[in-house]
C-alpha cells in the first residue's frame, strides 16, 4: 500500500507543492486536534483526545482515497447539464433534510448514528462544478446563424439565451443561499457559498457575461446598502447577538455569555506571543474555549506554537491558493479555469473567515479551518476539491510535456 501511495505522488502531472501543502495541513490538524482535545479530558474521559485523533485520521484516510481516485479519474466531460442538475438536486434535498435535526440552534447537520454530515460543505464544491458548466458552455448553444426572419424570433432568441445563461444560474445560486439561511439557519456557510458563487460568476471568461458582471456589482452594492438599513429586521436574534459580542466582547452582559469564546480566544493569542507556550501547554483549551478542537483550533495552535503555528496554518493554504490561481491563469479551457478559481476561493474564504473570527477581526460564524479543524464533512470536501483540481492540473501538465517533446 505504501509503495502504491509513493508511486501515486511521484506520478508526473499532479502538482507536488499542492500535495505537500495538503500533507502539512493534515498532519498539523491531527496533532493539534489531539492537543486541543486534552483540555476536555476531565469532563469527557481520558480517551477523548485519542478518540478525536483516530476519528479525524479516518476522515483523512477516506478523503485521501477519494482525492487519489479523482486525481486519476476525474474528467471535465463528466460535468454536463444532467450531472450538474443531479448534483444540485441532491445537494438541495440533503440541505433541506437537515431540518429534522437541531444542533447549536441550526439545522446544518444530518445525524447518522454517532456521525454527522454537513451537506453545505459538499454543496460548495458542487456549486463550483455546476457553475463551471453553466457559465462556460451554456451560451455556446445560442449561436446566431444568418438573419432572423422576424423581430419576434430575434427577441425570443435573446430572451431564451438570457434566461438559460444568466437568470437560471443566478436562480440556482440564490435558491441554495436561501435554503442555507432560511431552512438551515447557517449564515456562515451560506455566505461562503454565496461568495464562492459570486467569484465563479465574475471569473467566467466568456464575453457574453461582461455586461452582466457590471450589473451584478451594482446589484450587490444596492443589496449591501439595503441590508445595512434593514439588518435588525433581516438577521435572527442570535445572529445580532454574535455581532454585538464581536463589537463589544468585554461588555458585562457578553463577557460571560456570548463573547466567552472570543474573549478566551483573544487571551490565547496574547499568551502565545511570538514563540508560543509550547506544544501541549495551552491554558485556554482547559474548558475556557469549549470544543477547542473545532472552529477555535487556530487560537490553540497560536497559543502553543506562536508565529510558527500561524505560519503552519497560513503558508500551506496560501501555497494551495496561489498554485491553483497560477494554473487557472495558464490553462485555456474555460471550464477548468472557473473550477480552479472556485476551489482557490473556497480555501481562501475559509482561511480568512475562520482566522478572522477567532482573532476578532470579523464576527465568528462557525466556519472550520480546512484540513485542520476537526470534522469529517469539511475535511473530505476539501480533499475532494483538491482531487478535482489535481486532475485538471495533471491533464494540463501532461499536455505541456507532450508539446515540449513534439518540439524537441
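FYI, residue positions are counted from 1 along the chain as it appears here.
Just so it is clear, glycine is given a Cβ too, placed from its N, Cα and C backbone atoms.
What TrEMBL says about a protein is an automatic prediction, not a curated fact.
Per TrEMBL, the feature transmembrane segment maps to 20-41, 53-71, 83-102, 122-144, 165-183, 189-208, 215-238, 305-325, 337-357, 369-393.
When each of 53-71, 165-183, 305-325, 369-393 is scored by its Cβ pairs under 8 Å to the transmembrane segment (83-102), the top-ranked stretch turns out to be 165-183. Remote same-chain partners of the transmembrane segment (165-183), defined as residues 6 or more beyond its termini with a Cβ less than 8 Å from a stretch Cβ, comprise 88, 91-92, 95-96, 98-99, 107, 120, 123, 127, 130-131, 134-135, 138-139, 142, 189-190, 193-194, 197-198, 201, 208-209, 212. With pairs at least 6 apart in sequence, the transmembrane segment (369-393) and the transmembrane segment (53-71) have 3 or more Cβ pairs within the 8 Å limit; the two touch. Away from its own ends, the transmembrane segment (305-325) comes close to residues 15, 17-18, 20-22, 24-25, 28, 272-276, 279, 298, 340-341, 343-344, 347-348, 351, 355, 369-370, 372, 386, 389 of its chain (Cβ-Cβ under 8 Å, at least six residues beyond either end). Here the transmembrane segment (369-393) has Cβ contacts under 8 Å with residues 13-15, 18-19, 22, 25-26, 28-29, 32-33, 52, 55-56, 59-60, 62-64, 66-76, 115-119, 121-122, 124-125, 128-129, 293-295, 297-298, 301, 313, 317, 320, 324, 327, 331, 336, 339-340, 343, 346-347, 350-351, 354-355 of the same chain, all six or more residues outside its ends. Taking Cβ pairs closer than 8 Å, the transmembrane segment (122-144) reaches residues 79-81, 84, 87-88, 91, 94-95, 157, 160-161, 164-165, 168-169, 172-173, 176, 189, 192-193, 196-197, 200-201, 204-206, 208-209, 334-336, 338-339, 342-343, 346, 377, 381, 384-385, 388 in its own chain, all 6 or more past its ends.
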